[in-house]
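Notes to accompany the following structure.
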Amino acid sequence: MPTLGFLKKKRTKDSTGSRDLDSPTSPVKDAHSPITPTLTKSTTGGSFSFNQSKSSATQESTAASHSTQASTAPSKTVDSMNPSAYPQQAYATPQASPEPYQPSSHNVPSIQNMIHPTNAQEQNKAANGGVVQQPAQPVPATPRVTKGKYTLPDFQIQRTLGTGSFGRVHLVQSKHNQRFYAIKVLKKAQVVKMKQVEHTNDERRMLQQVKHPFLITLWGTFQDSKNLYMVMDFVEGGELFSLLRKSQRFPNPVAKFYAAEVTLALDYLHAQNIIYRDLKPENLLLDRHGHLKITDFGFAKEVPDITWTLCGTPDYLAPEVVASKGYNKSVDWWSLGILIFEMLCGFTPFWDGGSPMKIYENILKGRVKYPPYIHPDAQDLLQKLITPDLTKRLGNLHGGSKDVMNHPWFAEVTWERLQKKDIDAPYVPPVRAGVGDASQFDKYPEETEAYGQTGDDPYVKFFTNLKHQLT
Ligand SMILES: Nc1ncnc2c1ncn2[C@@H]1O[C@H](COP(=O)(O)OP(=O)(O)OP(=O)(O)O)[C@@H](O)[C@H]1O
Ligand SMILES: [Mg+2]
């Protein structure tokens, strides 16, 4: 039976549990250097042509160095990735470029270190009769014990980084180690009113269970009489959404890079029977090196087989969700298709003047117009992801997520290296790392109601699994 759900509006706005030194309440390691030295990659191959393969430490410097990068890299591709080259704009209007696919112009085949597999992989491929063996499935993490460790007075609350359907996310600074984190604050009244208690409790539970390079780290949760609080790593580079709107659309290799990181994350989640259900550029954050972190587990749920809840964001909903049918993990592969389409085109395939009803009609009709500039391999993958026929949808077939990873569009991706973040990102956000630089995030009006209130809590029975900060 379909469950009463919740649909989000699409916005048109203009370390792990064991690495305790990263924990918000860990002692100060070096008061003068909040920056954790990051690894220098052992890049044996080349890199994205529009990104220098220098050490992360130098990349994460200033906006000034960003503009230097832009001026030294090949102009066409760099321009399209350089946010300053485009005016800030609201939702892009769908515009199909008249020119057909030209491998030498828009879609520069330039991911050298994705293209050349290592010798080991070549040998592995030969030994497997030509089939590239995929990285071993990461061992499912045992749930991290995050409950009850933190309280509001542990943090100094700073500006809002983003707002969502039930609350907002703040930049905060730990009073213990001076490091910066993000705290998602959910208003209990709103959560209960919108019937999202179960989803909110799931959000915490799912986040506690996962541990993956491309998924946000949750450090802990607590509550007061009005709000729920979730302490996460602060991902400094801003939303992929902002980068995409500023860039209009991404070149083929750039879209491929982000899509590949998302694919690894989905592969991991699905191996644990977790459906994510809210894939969209707003929930994909860029870390200081330009790698993705998926945030917002508000709709993530452990589903071994089938579920019915109507939830997600209109443009990204699979037809079986729109039609209130039972659905499974494959809705995430449909959404991956929508995401890749949006990255390549700058608009979603079923977008229609902003009316959700019209979008749903289009989703059910299922007709997608592929602009001529889309790479033929990309189009082939999209046709196999954005298909209502569940017996044909890639990711939902016998090979599971491996079928997606083995698709020709991803042929040059060396998945093992990607998983290790051993492939340079196409765009390094111009942020000063480790100092609470929120310049990549839009500004929002701040909350006026004080946090940490101790009065009556009419919602106490709904969130019993969360430690109350004053108990
Ligand atoms: N760990 C983080 N670091 C930096 N910014 C973050 C982090 N988590 C979330 N944000 C920002 O806050 C925004 C809202 O967070 P989130 O998506 O979790 O809230 P939500 O209420 O579920 O949103 P929505 O209903 O719009 O999907 C994100 O889109 C992002 O811009
Ligand atoms: Mg969100």
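Backbone N, Cα and C atoms are what each Cβ position is placed from, and that goes for glycine too.
Annotation source TrEMBL lists ATP binding site at K184. The compositional bias 'Polar residues' feature in TrEMBL is assigned to 35-51, 102-126. Sequence annotations record features per position, and here TrEMBL assigns compositional bias 'Low complexity' to 52-75, 83-98. If you look up TrEMBL, you'll see 155-410 marked as domain 'Protein kinase'. What TrEMBL records for 411-471 is domain 'AGC-kinase C-terminal'. The feature region 'Disordered' is assigned by TrEMBL to 1-147.
Residues in the domain 'AGC-kinase C-terminal' (411-471) partition by DSSP class (helix H, G, I; strand E, B; coil) as 9 helix, 1 strand, 51 coil. All protein chains included, K184 (ATP binding site) registers 28 other Cβ atoms within 10 Å of its own Cβ. According to DSSP, the residue listed as 'ATP binding site' is assigned to a strand segment.
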